[in-house]
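What TrEMBL records for this protein:
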- 1-30: region 'Disordered' (REGION)
- 60-81: transmembrane segment (TRANSMEM)
- 111-130: transmembrane segment (TRANSMEM)
- 137-155: transmembrane segment (TRANSMEM)
- 161-183: transmembrane segment (TRANSMEM)
- 215-242: transmembrane segment (TRANSMEM)
- 284-310: transmembrane segment (TRANSMEM)
- 342-362: transmembrane segment (TRANSMEM)
- 374-397: transmembrane segment (TRANSMEM)
- 404-424: transmembrane segment (TRANSMEM)
- 468-488: transmembrane segment (TRANSMEM)
- 494-513: transmembrane segment (TRANSMEM)
- 536-585: region 'Disordered' (REGION)
- 543-554: compositional bias 'Acidic residues' (COMPBIAS)
Amino acid sequence: MEAEPPLYPVARAAGPQGDEDPLGVPDGQAAPLDDLVGAYPNYNEEEEERRYYRRKRLGVLKNVLAASTGGSLTYGVYLGLLQMQLILHYDETYREVKYGNMGLPDIDSKMLMGINVTPIAALLYTPVLIRFFGTKWVMFLAVGIYALFVSTNYWERYYTLVPSAVTLGMAIVPLWASMGNYITRMAQKYYEYSHYKEQEQGPQNRPPRGSHAPYLLVFQVIFYGFFHLSFACAQLPMVYFLNHYLYDLNHTLYNVQSCGTNSHGILSGFNKTVLRTLPRSRNLIVVESVLMAVAFSAMLLVLGLCGAAYRPTEEIDLRSVGWGNIFQLPFKHVRDFRLRHLVPFFIYSGFEVLFACTGLALGYGVCSVGLERLAYLLAAYSLGASTASVLGLLGLWLPRSVPLVAGAVLQLLLTLCLFFWAPVPRVLQHSWLLYVAAALWGVGSALNKTGLSTLLGILYEDKERQDFIFTIYHWWQAVAIFAVYLGSSLPMKAKLSVLVLTLVAAVTSYLWMEQKLQRGVVPRQPRIPRPQHKVRGYRYLEDDNSDASDAEDEAGPRPGPEPAGLSRRSCPYEQALGGDGPEEL
């Protein structure tokens, strides 16, 4: 019988030149095991590490772009559908022919009530949702609820529109709170991946406070640049579809007597019929199908391209502080004087964006130049805000208060000008002033939103607090929007007066906060409880607790002996060997 060949090549026949085998071993010698399974001889550890962290940084940029695009598409679809729906339902001929005595105005009022009133309760459940599902999954679920609202418009009935509007109202604050938290976490991750060598030298030391601020500012500029584009995207259904069915301004504004600062409510005297011809149901289904496809694409974008905001062990630590504590901590953060001083700015942030869409666009724009130019006015606001988001980068060289206060001063001057301006109905000579005012208001909105979100990410950079802080921010915005909804019938001068007073109070309170911080006043922050790791279903090894939080690492092990009831149980393999635990192995 022939001998079996060796499993591994030992040597080959010597050639005339004393050749070596492919492994670089001289003739007649066995190849060492290290040469067969060892590291690649040309392996450069430093270069591979640099490439690894470069891929990580590109992944963070991908996450920011995906979240920004998904948020922009979602909000654009929501605004576009709601705007088209309200215009169609306003026309009394459309209501009578399409729906008879179903009561569409009553359904619309209850739908708007559900969208504006439900977020008031969001402070009670938003932090719990974010901690339970995780930041990315709350974003995905909220975008899915927006898509659900779009889908209910295929069959417009009370039992479809009103429940979907209430559900949408419940998702507003969780969506934008998780978005703000997500962008802030991406900035912190990008700093970690850019300064990985510092992390290797001192892994137990936290980075300097505010070290991630430049990256946070750039990411917030990207996010709000995309977000403000959603207002322009929302006008596409009107520009390419609904404008072809509208009457001109001579018909719709025939009974309108006063506009601007002399107006009362929303478009008093506006004609009850705004549609020349009724759109076919098939065309409406096509438009709604396109909007549904865009909303579904936003869902897939968030699901497929957005990575996790936290590591799995970090998410476990965030949940392990106790659900009762998670519920209470947003209220306990009222102790912090920084948040108390920023509350007027939060309220004004909700006032100003809704004033741009209702007061400026309707009370000054549609009231004087007609409904057919509404889309172009909001597009001017959108493009001005999106372009001016780049001005937020001035915070890289200027003090952080300059862009925020500059945006507030710009909107204050515009509000004072609007206070004394009453455009004449059906006169187009002043229409260019409306576009300029809308674009400049967008500049102020961009500086406001970018500055506030960046400021919160800098002041509260602890990962244990960010979801609470952004929940409080967007909850106060929702409260302001609810107040605007309640006061929609007030005279324009009253609305402008409230806007001016709120803006002056916001700037004064914010500058007072900055002065306190410069004097070294220490804010009183609520203590975040230690994560309770020893729970059923998840076991930690005390000798090598890789999932310990930073605060736990700094505090060190607890003094005293460990209670006997909390020791680790022996696994089945150890029980089969007859031991009681790892000590006897």
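Using the three backbone atoms N, Cα and C, a Cβ is placed for every residue, glycine included.
Since the structure is predicted, the reported quantities are computational estimates derived from the model, not experimental observations.
Residues 64-65, 67-69, 71-81, 83-84, 87-88, 179, 183-184, 186-188, 190-191, 194, 279, 283, 287, 291, 357, 374-376, 378-379, 381-383, 385-386, 389-390, 392-393, 395-396, 442, 445-446, 449-450, 453-454, 457-458 of the same chain lie 6+ residues outside the transmembrane segment (215-242) yet bring a C-beta within less than 8 angstroms of a C-beta in it. Among the recorded stretches 60-81, 161-183, 404-424, 494-513, the one sharing the largest number of Cβ pairs closer than 8 Å with the transmembrane segment (468-488) is 161-183. Against the transmembrane segment (494-513), stretch 342-362 has more CB pairs under 8 A than any other of 60-81, 111-130, 161-183, 342-362, 404-424. Per-stretch counts of Cβ pairs under 8 Å to the transmembrane segment (161-183) identify 111-130 as the leading one among 60-81, 111-130, 342-362. Within the chain carrying the transmembrane segment (137-155), a Cβ under 8 angstroms from the stretch's Cβ atoms is held by residues 67, 70, 74-75, 77-78, 81, 85, 129-130, 161, 164-165, 167-168, 170-172, 174-175, 178-179, 182, 285, 288, 291-292, 295-296, 298-299, 302-303, 306, all 6 or more beyond its ends. Among residues of the same chain six or more beyond the transmembrane segment (342-362), those with a C-beta under 8 A of the stretch's C-beta atoms are 231, 266-267, 374, 377-378, 381, 404, 408, 411, 418, 437-438, 441-442, 444-445, 448-449, 452, 455-456, 472-473, 476-481, 483-484, 488, 492, 495-496, 498-499, 502-503, 505-507, 509-510, 513.
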